[in-house]
There are 2 protein chains.
Amino acid sequence: MRKRRISQFAPLLIALVGLPARGKSQLAHRLARHLNWNGESTKVFDCSEYRRRHMALYGSHDIFRADNQQGSAIRRKSAREAVQDAVLWLKDGNSVAIFDGTNITREQRRELNEYCISDMGFRILFIECVCEDQELLERNIIEILHYSADYKAMTEEEAVDDLRKKLEHYMRQYEPIDANLENNLNFVRVENMGETVTAHKVSGQKESGILGYLSGMRALPQTLYFTRHGESEYNVLGRIGGDAVLSPRGESYAHALAEYMNGLAVREPLTVWTSELHRTKQTAAEIIAPKRAVRALNELDAGICEGLTYEEMQERFPQEFAWRDQDKLRYRYPWGESYIDIMTRLRPVLSALEDEHNVVVVGHQAVLRCMLGYFLDAKLDELPYMNVPLHTIVKLTSYGYKYNIEMIKLPIDCVDTHRKQPKNCSINRSTADALVTVPSHYDTLPSNLWQNSEAQP
Amino acid sequence: MRKRRISQFAPLLIALVGLPARGKSQLAHRLARHLNWNGESTKVFDCSEYRRRHMALYGSHDIFRADNQQGSAIRRKSAREAVQDAVLWLKDGNSVAIFDGTNITREQRRELNEYCISDMGFRILFIECVCEDQELLERNIIEILHYSADYKAMTEEEAVDDLRKKLEHYMRQYEPIDANLENNLNFVRVENMGETVTAHKVSGQKESGILGYLSGMRALPQTLYFTRHGESEYNVLGRIGGDAVLSPRGESYAHALAEYMNGLAVREPLTVWTSELHRTKQTAAEIIAPKRAVRALNELDAGICEGLTYEEMQERFPQEFAWRDQDKLRYRYPWGESYIDIMTRLRPVLSALEDEHNVVVVGHQAVLRCMLGYFLDAKLDELPYMNVPLHTIVKLTSYGYKYNIEMIKLPIDCVDTHRKQPKNCSINRSTADALVTVPSHYDTLPSNLWQNSEAQP
């Protein structure tokens, strides 16, 4: 059979392959996050969720036996339903569907490949997850026991025994992808969560990006720290943008931050990434760790509005101000940037960060909204209104493909810079309506902005 | 030895590994083109060029024998010099150096790895090229015989014999990279120019991107066709941007283009990529091939100047007009785009295109300048002034990592839209100075713009 050539613009079905506990779901969800951020609308279709819909209660490993006919029927039906939903998703104009199943037999893969290419005209890429690293495998198993819906009703001992038996059933049926026997499959084999990645006949723009992403994946748990710079003189004055230095209270935060970071008992040493602007470098100055000033971490460029207060924006550019309130995510300042723009320039930094551990990012409000939004799977429209207050360390700790967030507020007073979306975003609104949510600020720098003062403007 | 962790922001040395004729140089130069376009300043250091400097005349394969002491000394010296220049390049603040040598022994690789990481603090990635595909290998050999400086003075028969013996010398010394014996190397193995790509311990943002690029590489020669849309009503009026339809002469070009394309005797079928604008779709309409409208191919967005003539731009926005002339590459129209912006949005299209054959791109002036500039290795500052006339098919045919360009002008009259950079780009220049290079155009649509007319406004 001459292989049909599918257009590079066709939607892509990704089918995972491999035994349970090989990291398939983690890979699926992390990849989906990455692709969605890069503008490819992607969704994971988890076969086990469909299976659970057909069984009020999990029961036991027994349904995974090859000779359990009722179990096989349920599993086949679930797989079919997951694929059907994936196909609907792609037909709806979306870009990538990830079918998170085991697909462990050659016959299953042949059928799926054929259906996708010949019947649907879609692209298809198989990703096989293999794990020979015992330590990694055990960590994956522990995560399944903790988080899988199947094991909620069992004791730990019962669950361990059940999962072990389930694995045995699967191992009996597993036929790893064989490049010679299955020469018409496009596939990637991922060993030990990215230690070795092999691509066979993989081409196409989406697929190349995916391959690159897979090789950079970090298998180990990671902790990342984020903080805005300390309060700057512009923050005090309610001015946006610019390259101001820290206020006295901002300097106090820099001391407190360094004290906190230098006091952490971390096994892997810290690294600090700042923007190229004074206020982040000044904030990071006393942290004892190698530092790197990264241009892509610079604050959103407010163009013609750099250095203005919101009141001045309303006075000089009321139309721009209203437009921004109408669609803060997409609004681009004349000669400046939009949130969408900074999302684009942050892509390489986010990819790099996914491979790091114990990095402290000292950044800015808009930039950190985007970065935290990425790790926390925020909806795009929510990004511009996320609350990332000054003088607060945000600690992210990975578990599986998700992140725990911890907000550590250091006790140094500061202004609030968070302006909520006002109710009235019309171009003809009154000045009062435009300014109703502007946080309070000083009009000139006070002569003594002492630390821990209760005084607020 | 605990492996030293090198920052993701450190410069990267790429060292190629493999026998002659395995496609190393082709890979090196294509990768360099891709990286440079993506903002990573990259240069190839070709070991054989250094070797040739030490030998007035090539002589013969004999210098590659393991037991030829003088030959070995020259080869070692050349390799050392290439690496030293690569190191200087990276110390100068550049991002990637590609060391195009054979590096076929474990000892060579161990030394290079050690030197790079421990002495220099650089990142290093080995890329091994393997070729089992006899057809591919023979094509590579033929290219070497044609293009290598070593064989200029030989008859073809002598050259074939010499290259065969040279290969034999190398094969005796070659130790392929072994993941177990050389466990501390980060490496990618590329088989048959990208059919199978294996990455071992590859991480880091630059490396991930490189891996993705390598898997999408097309080994086969390719032909690509580019053309601007036929003359549009806006072209006739000297207006920029907009979404106008074709002029009668533009329609004639659409017919002629279709006739030309439909008459080509191509073995692999054609595909047509247009922008989303009327004038490109209209131009491609009669070509018999699957068509795809690609948003990233839309013309540069001229923002507040969309639909204006140059005369009107000078009248309404003289300062903007002067700024654009001062730095046309980086100048971004208010609410619009710069050449740099469209280069960014073209990246995925260019990656996709590198994997295609017989694609006809029907595009726009600025977009095609960037695309052709990519394949022809143009300097960035030259891009905005490249001459890409209307009613002309640009045919690119690959040979090795380079492209031959052929301009096929179809005999349908049209206006000239190419405005050269004027001498005076100062903000205070006179209107006459600003408009001196504006090409002539009509002020209203003439009632009969007949085909092949000699009449020009």
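Glycine is no exception: its Cβ is also placed from the backbone N, Cα and C atoms.
Feature annotation from TrEMBL assigns signal peptide to B:1-25.
Per TrEMBL, domain '6-phosphofructo-2-kinase' is recorded for B:10-215.
Look at TrEMBL and you will find B:Arg228, B:His229, B:Gly230, B:Glu231, B:Ser232, B:Glu233, B:Tyr234, B:Asn235, B:Arg279 tagged as substrate binding site. DSSP gives B:Arg228 (substrate binding site) a strand state. Counting every protein chain shown, the number of other Cβ atoms lying within 10 Å of the Cβ of B:Arg228 (substrate binding site) is 29.
Here TrEMBL flags B:His229 as active site, tele-phosphohistidine intermediate. The 10 Å shell around the Cβ of B:His229 (active site, tele-phosphohistidine intermediate) contains 30 further Cβ atoms across the protein chains shown.
Residues or ranges marked as active site, proton donor/acceptor by TrEMBL: B:Glu299. Long-range Cβ proximity for B:Glu299 (active site, proton donor/acceptor), meaning a same-chain Cβ under 8 A and a gap of 6 or more residues, is found for B:Gly241, B:Ser275, B:Leu277, B:Gly363, B:His364, B:Gln365, B:Ala366, B:Val367.
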Next on the checklist: Cβ under 8 Å, sequence separation of at least 6 from the ends of the signal peptide (B:1-25): give me the contacting residues as numbers and ranges.
Outcome noted: 31, 44, 46, 86-87, 90-91, 94-104, 109, 112, 116-118, 121-131, 136-137, 140-141, 144, 163, 166-167, 170-171, 174, 177, 184, 187, 190, 193, 204-207, 210, 219, 400-401
Next on the checklist: Measuring Cα to Cα, how many Å separate B:Arg279 (substrate binding site) from B:His229 (active site, tele-phosphohistidine intermediate)?
Outcome noted: 6
Next on the checklist: Please give the maximum pairwise Cα distance, in Å and rounded to a whole number, for the substrate-binding set B:Arg228, B:His229, B:Gly230, B:Glu231, B:Ser232, B:Glu233, B:Tyr234, B:Asn235, B:Arg279.
Outcome noted: 14
Item to check | Cβ-based neighbourhood (8 Å from the centroid) of the substrate site, residues B:Arg228, B:His229, B:Gly230, B:Glu231, B:Ser232, B:Glu233, B:Tyr234, B:Asn235, B:Arg279 excluded | outcome: B:Val236, B:Ala244, B:Leu246, B:Ser247, B:Gly250, B:Thr283, B:Leu390
Checklist outcome for this item: In this predicted model, the domain '6-phosphofructo-2-kinase' (B:10-215) has a mean pLDDT of 91
Checklist outcome for this item: Same-chain residues at least 6 positions away from B:Tyr234 (substrate binding site) with a Cβ under 8 Å from its Cβ, in sequence order, are B:Ile240, B:Gly241, B:Gly242, B:Ala244, B:Gly307
